[in-house]
Amino acid sequence: SPLAGLSPVPANTRYSTLLSYLFVNRLDSVESVLPYEYDVFDFCKDVDERRPSENLGQVLFGERIETSPYKFSFKKNVKCQKLCTKTYVKDKPMDKNMLDFLKRGMQLNYQHHWIVDNMPVTWCYDVEDSQKYCNPGFPIGCLVTTDGRVKDACVINSEFNKKNTFYIFNHVAIKITYHNGEGEGWRGARLVGATLEPKRIFINCSIAALELIVSNASENNNIKWASRWDYILVSMPHTNIQWFSIMNSLVIVLFLSGMVAMIMLRTLHKDIARYNQVDQEDAQEESGWKQVHGDVFRPPRKGMLLSVFLGQGTQIFIMTFITLFLACLGFLSPANRGALMTCSVVLWVLLGTPAGYVSSRLYKTFGGEKWKTNVLLTALLCPGIVFADFFLMNLILWVEGSSAAIPFGTLVAILAMWFGISVPLTFVGAYFGFKKPAIEQPVRTNQIPRQIPEQSFFTKPVPGIVMGGILPFGCIFIQLFFILNSIWSHQMYYMFGFLFLVFIILLITCSEATILLCYFHLCAEDYHWWWRSFLTSGFTAVYLFVYAVHYFFSKLQIVGAASTILYFGYTSIMVLIFFLFTGTIGFFACFWFVNKIYSVVKVD
């Protein structure tokens, strides 16, 4: 039964004009993938409940923001104000179910998320090495197990020690900090901080149940409005990372990439010089990549599927590049809730034209003639797989009553964007792609395929593909840890500058690793490079999946079949998108490389 009141404030305290609403968001847990709306837990509700408009990204991420019954009016002293009273009778089935649901929420450590002036109301407490951690959420309550083990937030108070007991936090002490503009030539004040401390006290109006302390930032520190998120972001676990470790990893990747590039340039320079000598026969005996010039551009098997994958991969690549670039400029910061996901979805929908163009152009180069099938598969195959997976996950969320379940109207809107905008744009791109002539190859293709000699273990397809994904994965796994933390451990991610740098290095390593292995295979007179170039860099996605499995079992405490299915269902979507993205990078790098080397040698 939460109570709300305002503690007496000194007469000489300066105020901002008015801070009227505290908003509440969904409740989530690191032990469950299922978030729930605030009202599901039967907390005190706002009589005039209102919901601010939410963008597409917020809906897809399951954010459900609404007004709370907590109303703050500055310059108005309220010592003890009752919000509501909740009484539960164990004999009543509905009351018993609600109590069981509350207990389950405390067992899984579900967290409140409150918002004031678009700022998260944080719970700041000391952690290891006397550092302060500001959590953008605070727990419903805590419990002491039957064997006397104190769990989660019960460690904050030694009185929480009774075995097999649940303690619900029914009061909070809130401190709001603002920056006054009088000394800077402008009137008014801006909120620059909001922290709270969860408490459990008995109903007693001699105690201020909800303490509101209004502090002027200019009197103790010079926090500006533009940097008001700093105290939250600096204390996040993923900001206290070993910066040297990340830089060291990036330097190693760049060094390896440089070594690969140097070896390739020097070796190729010597090869081409030898091939262009007068005595061609001696040169051909030393190496084998020129000997397959009549077969290297032979169309691949299942060229339709490869062209579809490459069209979708191009769409994802451009979407990712623009999204990360905008994020680096600060347009998609955590303060703009849902902006990152909204931007990604809108960009993907609008980039159907490049997908159709690339797919149709390559399909025509492969000698394909079923252009209608190609366009339909480009527009529907991979998005259809993602949507089917997403829809199944959404059914589970609906059954579980989670706030992350996408409303039916939003699903219809997504389908309308897909079929009404993306599909037509894909047809437009395919139209221009098929109008263009097929890509002209630098050498002619023989009518009779050349026999491929016996390959060593390392030049066989599977070992080469497996080895090809190691180096690209090595440059992303550190950032991958923090990205997974932001998704599954509900931590804020804002290091987009680092992420963009890793993105560029991933492009370099995928390209060079694929080119290097392609060169070795061509030297071994194996000319089947089309699919291999795509799968070599695309295999990085398999390492991503393996890492996600490791992360699930070693870093998360997720329990329950529904949460486990949801985790691996959403991870499968991430893996598919990453597979298309990295595979496309490797293919086009290899395509450029093969065209380049066969265009500079003399072929009789």
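The chain as shown is numbered from 1 upward.
The backbone N, Cα and C atoms fix where each Cβ goes, and this holds for glycine too.
The transmembrane segment feature in TrEMBL is assigned to 243-265 (among others).
Residues 339-340, 343-344, 347-348, 351-352, 354-360, 362, 374, 377-378, 381-383, 426, 496-497, 499-500, 503, 534, 577, 580-581, 583-585, 587-588 of the same chain sit 6 or more residues outside the transmembrane segment (308-332) yet have a Cβ under 8 Å from a Cβ within it. Residues or ranges marked as transmembrane segment by TrEMBL: 308-332 (among others).
Annotated transmembrane segment per TrEMBL: 338-363 (among others), in sequence order.
TrEMBL lists 375-399 (among others) with the feature transmembrane segment.
Packing against the transmembrane segment (411-434) from elsewhere in the chain are residues 56, 311, 345, 348-361, 364, 371, 374-375, 378-380, 383, 387, 391, 394: each is 6 or more residues past its ends and has a CB under 8 Å from a CB in it. The transmembrane segment annotation in TrEMBL covers 411-434 (among others).
The transmembrane segment annotation in TrEMBL covers 465-488 (among others).
Feature annotation from TrEMBL assigns transmembrane segment to 494-522 (among others). Long-range neighbours of the transmembrane segment (494-522) within the same chain, counting only residues 6 or more positions beyond its ends whose Cβ lies under 8 Å from a Cβ of the stretch, are 233, 238-239, 246, 250, 253-254, 256-257, 260-261, 263-264, 267-268, 288-289, 292, 296, 320-321, 324-325, 327-328, 332-334, 458-459, 464, 467-468, 471-472, 474-476, 479, 482-483, 528-529, 532-533, 536-537, 540, 582, 585-587, 589-590, 593-594.
If you look up TrEMBL, you'll see 534-553 (among others) marked as transmembrane segment.
What TrEMBL records for 565-594 (among others) is transmembrane segment.
Residues of the same chain lying 6 or more positions beyond the ends of the transmembrane segment (565-594) and with a Cβ under 8 Å from any Cβ of it are 33-34, 296-297, 309-310, 312-314, 316-317, 320, 382, 385-386, 389-390, 392-393, 396-397, 468-469, 472, 488, 506-507, 510-515, 518-519, 522, 529-530, 533-538, 540-542, 544-545, 548, 552, 556, 558. Listed as Cβ neighbours of the transmembrane segment (338-363) (distance under 8 Å, sequence separation of 6 or more from its ends, same chain) are residues 54-61, 63, 303-304, 306-308, 310-312, 314-316, 318-319, 322-323, 326-327, 331-332, 371, 374-375, 378-379, 414, 417-418, 421-434, 436, 438-439.
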